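Sharing a structure with you now.
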Amino acid sequence: MKTSILILAAGLGTRIKSQKPKVLQELCQKSMILHILKKAFALSDDVSVVLSHQKERVEKEILEYFPKTQILEQDLQNYPGTAGALSGFEPKNERVLILCGDMPLVEQTSLEALLSNNAKLNLAVFKARDPKSYGRVVIKNDSVEKIVEFKDANTQEKEINTCNAGVYVIDSRLLKELLPLIDNNNAAKEYYLTDIVKLAKEKDVMIKAVFVDEDEFMGINDKFELSIAENFMQEKIKKYWMQQGVIFHLPQSTFIGADVEFVGECEVYENVRIEGKSKIINSIIKSSSVIENSIVENSDVGPLAHLRPNCELKNTHIGNFVECKNAKLNTVKAGHLSYLGDCEIDSGTNIGCGTITCNYDGVKKHKTIIGKNVFVGSDTQFIAPVKIEDEVIIAAGSTVSVNVEKGALFINRAEHKMIKDYYYKKFQK
C-alpha cells in the first residue's frame, strides 16, 4: 500500500530561544528537518511539509536538499493546532503517515514497522519514564480509546504513562472524512489532531497502538533536549561505523558528522572531530585532529592536525600542528608545524617544519604546485603563484617567489653578518 507523508513543522518553537527556526536547529551538522526528510523520502515519493514561522527560510533549505518536497503553509491565525496544519493537504496515496518536524532521531525501520500494520488508524505510543506534558493515551483491549492533551487531562489521566508520540498512520479516505469534524473546544482553542482518535472511535474504527522507543521518538523543544538528541545521534553514528569495522579510541570524546563516510580499516583516536562530507579510507586519524569536508586515503593524520575543506590526501603523512586547506597531497610527508593551503604536492616530496604556502595577496588566493621528490627545508615560504618542478631541493630558510626548474637547488637567504666581540662592547663597558 502506497503512503503519502506529511511533516508538521509550522510551530513557533519559542522554547528553543533562537532566531533560527526550531526545525533548522542542527544535530551532527544537519538540520532536524533534513534528518526527517531523508527518512521520509526513503519511504515515499509523495512528501509534504507544513510551514508557517519563517516559511521562506525553512523552505529554502528544504528545497535545496530535497527539491521534490511539497511545501504547504498553515494559517495559524484561523486554524491553529496540529489538525489545522492539515487544511489544504491532499494526499496522493491510500494512506498518510503524519510526522513531527522536531523528531530527528526516528529511524526508518521504526517507521516501516508502523506502516506494516494495516489498521485504518495506527498511533505511535511509548511508555514514558517521565510523562511530563505529553498527551496521555488511554488503551482498552488493545485498542486506543482516546488521547488526552496534558492541558485537558484530569488527575487520574495524568497518572497514565502511555504517551502519544505524535506520529500517525491513517487511511486517506478516513482522514478526509474526519478532519472537518475536528473543533477547537478546548483550553487552548486549537484544532487538535489527537481528536481524530475520538471521532474514529465514534465510527467504530479500530485504532491500533504501536509501541515505539521513547528516546527515538523524542520531540525537541529546547536547547537542552537538542543536546540530548545530538548525544543519542552521535552514539548511533559511531556504533554503526564500529559495526562496520572502524576502531574508535574513547568514542565518547569524538564527534562524527552525519554525512561522514568510512571505508575499509580505519582508526580514530580520542578528541577527533570529522565534519561535513569527509571520507576516510583505510586511514588513521590521531588525537585532537579536525577534518572538514576532506578525503583521506591510505594516510595518517595528526595528532593535533587540521584539514580544512577540500583537502585530498593519498598515501600521505600529516603530523602535529600541520594545517591544510584546499590541498591535494599524493604520497607526501609533512611532519610538523606547517601551513599548506591552495596547493598540489606530488609523490615523494618532504615538507620541512615551518613551511608556509603564502596563498593570499589580500585580494585573491593563489596556487602553489610542487612536483615529485622535492625536498623542502625548514622555514620555507612559497609566495604563490609559484611552481616547483620535480627533484628540487629548497634550502632551509628560503623565500621562494619564482618558479624553480627540475633538478635545481634553490637558496634564498639574507647575507649573514658577524661582529666580533660585540657582546663585550655592549654589556661590559
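Note that Cβ sites are derived from N, Cα and C of the backbone, with glycine treated the same way.
Residues or ranges marked as active site, proton acceptor in Swiss-Prot: HIS336. Under the heading acetyl-CoA binding site, Swiss-Prot lists ASN359, TYR360, SER378, ALA396, ARG413, citing sequence analysis as support. Feature annotation from Swiss-Prot assigns region 'Linker' to 224-244; the stated evidence is sequence analysis. Residues or ranges marked as region 'N-acetyltransferase' by Swiss-Prot on the basis of sequence analysis: 245-429.
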Need the DSSP three-state call for ASN359 (acetyl-CoA binding site) to compare against my parser.
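Note: ASN359 (acetyl-CoA binding site) is coil by DSSP, not helix or strand.
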Using a 10 Å cut-off on Cβ-Cβ distances across all protein chains shown, tell me which of the binding-site residues (ASN359, SER378) has the largest neighbour count.
ASN359
I'd like the per-state residue tally for the region 'Linker' (224-244) from DSSP, helix first, then strand, then coil.
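DSSP classes over the region 'Linker' (224-244) add up to 20 helix, 0 strand, 1 coil.
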Count, for each of the binding-site residues ALA396, ARG413, the other C-beta atoms lying within 10 angstroms of its own C-beta, and report the residue with the smallest count.
ARG413
What's the most sparsely packed of the recorded positions HIS336, TYR360, counting other C-beta atoms within 10 A?
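Counting other Cβ atoms within 10 Å of each of the recorded positions HIS336, TYR360, the minimum falls on TYR360.
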Between ARG413 (acetyl-CoA binding site) and HIS336 (active site, proton acceptor), find the distance joining the two CA atoms and give it rounded to the nearest Å.
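HIS336 (active site, proton acceptor) has its Cα 22 Å from the Cα of ARG413 (acetyl-CoA binding site).
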In the three-state scheme derived from DSSP, which category covers HIS336 (active site, proton acceptor)?
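Note: HIS336 (active site, proton acceptor) is in a strand by DSSP.
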Taking the residues ASN359, TYR360, SER378, ALA396, ARG413 listed for acetyl-CoA, what is the greatest CA to CA distance in Å, to the nearest whole number?
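Between the most distant Cα atoms of the acetyl-CoA site, 22 Å.
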Sorry to bug you, but what's the C-alpha spacing from HIS336 (active site, proton acceptor) to ASN359 (acetyl-CoA binding site), rounded to the closest Å?
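Cα of ASN359 (acetyl-CoA binding site) to Cα of HIS336 (active site, proton acceptor) measures 19 Å after rounding.
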Mean pLDDT across the region 'N-acetyltransferase' (245-429), rounded to an integer, is what?
97
